[in-house]
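What follows is a short report on a single structure.
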Amino acid sequence: MSKSAKLAVLGSINVDQILNLAHFPRPGETVIGKQYQIAFGGKGANQAVAAGRAGANLVFVACVGADDVGQRIREQLATDNIDTSSVEAIDGESTGVAMIFVNGEGENTIGIYAGANASVTPEYVARHREAIVTADALLMQLESPLESVLAAAKLARENQTQVILNPAPAVPLADELLALIDIITPNETEAEILTGITVNSEEDAARAAAVLHHKGIKTVLITLGSRGVWLSEQGAGQRIPGFKVNAIDTIAAGDTFNGAFITARLEGVAMNEAVRFAHAAAAIAVTRSGAQPSVPWRREIDDFLQQQG
Ligand code: ATP
Ligand code: RIB
């Protein structure tokens, strides 16, 4: 089958219940919130939306519950330039849920109920194999069952589909999976879980990247929040700074970065420029609240970059 520059995203879909409060409740404490919002989220869906709004040609492999909100999410994803033919509604399951607290500093803590996301099994991956084998790149995260991430990575590798893993939320990963990854994009915490190296400096980032290269991964992008990313290709590393903005809520900053980054790469944009494009998209996202409501469209990213000069 012939290939065009096509992206497959495999991952989670959640309904985010977001409560803004002055500080996180301690055990036993009740804190009155300042603002409450229900918004569509989930790392997989956020990354698919970021890619779709940035202009990618993509198919999303995921599950929603056979509920009202699942139907609304599928309709919304389609309006974000996403092929949803591989997003099935699972009978007897509810759509995934994330309960998110955002404190006065814009930091967040998240609790998740997987719901229908647990139905993205290796069998489900096999049923939707066409989406993966005909894609140029496969983008995944870790809110789907690990065995399914592994199955999808194997399928991609066998069919010359590039594998990009955003290893979030943080869990230790087997070498078998890491060896199938072409590009990995951990944040500092995830990099530490994967390598045992605490990332507090550029030297630490370089050492963590070296461990990941040793596992067989060619390109390592460690995201450093407002400081940008550490980009390491085959061991040659550099920090690429992000943009200075007034951040109000970083939910989906990493997701927006990943979706925009792979979109630019699939357009043939050079690595450093793709990172800059992704920084712009993520910088816009942190100036807005919520996950998918914060994700910018292509025109907004291009305008932002033009203003930055
Ligand atoms: P999150 O879990 O909050 O979505 P993350 O921990 O996966 O994010 P980060 O390293 O915090 O990822 O951020 C990813 C990218 O988002 C950064 O590389 C940068 O481009 C952008 N970013 C994050 N925070 C800021 C900020 N305060 N100002 C500007 N850009 C930011
Ligand atoms: O990365 C942000 C996402 O993490 C939220 O949308 C929430 O659903 C959790 O999955």
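Heads up, the Cβ atoms here are built off N, Cα and C, so glycines get one too.
Copied from TrEMBL, the annotated features are:
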{"type": "DOMAIN", "residues": "5-297", "note": "domain 'Carbohydrate kinase PfkB'"}
{"type": "BINDING", "residues": "N14, V15, D16, G42, K43, G44, A45, N46, E143, D255", "note": "substrate binding site"}
{"type": "BINDING", "residues": "N187, T223, L224, G225, S226, R227, G228, G254, D255, H279", "note": "ATP binding site"}
{"type": "BINDING", "residues": "D249, I251, A285, R288, G290, S294", "note": "K(+) binding site"}
{"type": "ACT_SITE", "residues": "D255", "note": "active site, proton acceptor"}
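What TrEMBL annotates, mapped onto the structure for a quick look.
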| residue | record | DSSP (3 states) |
| --- | --- | --- |
| N14 | substrate binding site | strand |
| K43 | substrate binding site | helix |
| E143 | substrate binding site | coil |
| D249 | K(+) binding site | coil |
| D255 | ATP binding site | helix |
| A285 | K(+) binding site | helix |
| G290 | K(+) binding site | coil |
G290 (K(+) binding site) versus D16 (substrate binding site) - Cα distance in angstrom: 8
Taking 8 Å from the centroid of the Cβ atoms of N14, V15, D16, G42, K43, G44, A45, N46, E143, D255 as the cut-off, which other residues in that chain fall inside it around the substrate site? G11, S12, I13, F40, G41, G96, A98, A252, A291
Nearest of the binding-site residues to A285 (K(+) binding site) by CA-CA distance, picking from N14, K43, A45, S226, D255? D255
Sort out for me which one of N14, S226 has the most neighbouring CB atoms within 10 A, since those are the binding-site residues we care about. N14
For the domain 'Carbohydrate kinase PfkB' (5-297), what is the mean per-residue pLDDT, to the nearest integer? 97
Rounded Cα separation (Å) that holds between A45 (substrate binding site) and N187 (ATP binding site): 19
If I take the alpha carbons of K43 (substrate binding site) and L224 (ATP binding site), what is the distance between them in whole Å? 18
Env. residues of K(+) site, Cβ within 8 Å of mean position of D249, I251, A285, R288, G290, S294 Cβ: I248, T250, A252, A253, V286, T287, S289, A291, P293, V295
Listed binding-site residues are K43, N187, S226, D249, S294; which sit with C-beta under 6 angstroms of ligand 1? N187, S226
Contacting binding-site residues for ligand 2, chosen from N14, I251, A285, S294 when the Cβ sits under 6 angstroms of any of its atoms: N14, I251
